[in-house]
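Structure first, commentary second.
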């Protein structure tokens, strides 16, 4: 025999238990201007009417949603208790047909509940739409939506944001919001997105403004540096030219060790280099290469002296750079020789001879070019990077004619400062 659900678990139909939704009262109002009232029951049983403004509408809508949710939870709980009673009484095993009917009934009740909830939400949206539609046009424009967001959500939006909201919510593209297009959940989501975009834009503007301000400060410092430079010593007399020539004795003598293969293959070249014998002997007077090291530091100090002629300082720096190149080539050759020794595979003599000769010819050609141009009283600026390094050496003084390109040095210093900030 099928057991019946206790009376304590039975309930009246759902539509009989639902209290009238506050929104339903608004929906029944003839016009938003009529200022509908909400009936309120006091604790003493007396009934009073409370006028409802636009803010109260939002409160009523929230209360309606809460009451609907509470009814849905209660209904689900009642259906769950009914299912537990069926299991406890053994109906699920003794009467499968009754269980199937009960399950179908539960599904029907759930579907009815969901339909009722959807209908309640639809009526609430309609009621809210009629209240926000102050001109009773049947649609909301940007101004009405702006005011509705202020009254219902308590959020202030500017005209531009209101226009963007209308454009986003307008599904049919008529430029206004129809009743079925009004969705305050979408409004809240869009407002969060717009706020995030605004924050990102403000952050980008702050970053750009900071970068612009920093660059302006750097350019101001640069202009102050240019204005504070002492006048350049532009002497190109005989002593200056002779000193410029003598500066290249350092790389010329240091490069002789790379020309041994060339001298062996072409003995007639050696007499042409006899003028380098005496400087080489003087430099090598100090053992262990200390002569080259001492001459290197002396030339470095002279190149940094702003009072010396720019032509001399320029050639000193360029000669030092050439000698640094020879030192690096010596280190590279030593590394390859070491690797070959470890591998017990000696480097081919032809390869060593060709590379050494190539280095010697290149450095000697640079020195000859610089000497010839310097003896004419001009700066030897045709050696690319080497000449740019030498030009930067004399940039700490200002030429009398102002004929100089300062932009490349500004970019160089600016990048160095940016790199230093990045490392920090």
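Easy rule for this one: first residue shown is 1, then count along the chain.
A Cβ is built for glycine as well, from the same backbone N, Cα and C atoms used for every other residue.
Nobody curates TrEMBL annotations by hand; they come from automatic prediction.
Feature list (source: TrEMBL):
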type	residues	note
COILED	96-130	coiled coil
DOMAIN	120-155	domain 'EF-hand'
TRANSMEM	245-269	transmembrane segment
TRANSMEM	275-298	transmembrane segment
TRANSMEM	319-339	transmembrane segment
TRANSMEM	351-372	transmembrane segment
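Proximity of distant same-chain residues to the transmembrane segment (351-372), defined by a Cβ-Cβ separation under 8 Å and at least 6 residues beyond the stretch ends, is recorded for 244-245, 248, 251-252, 255-256, 258-262, 315, 318-319, 322, 325-326, 329, 333, 380, 382-383, 386. Using a Cβ-Cβ cut-off under 8 Å and counting only residues 6 or more beyond its ends in the same chain, the transmembrane segment (275-298) has close neighbours at 249-250, 252-254, 256, 320, 323. Counted with DSSP, the domain 'EF-hand' (120-155) comes out as 25 helix, 1 strand, 10 coil.
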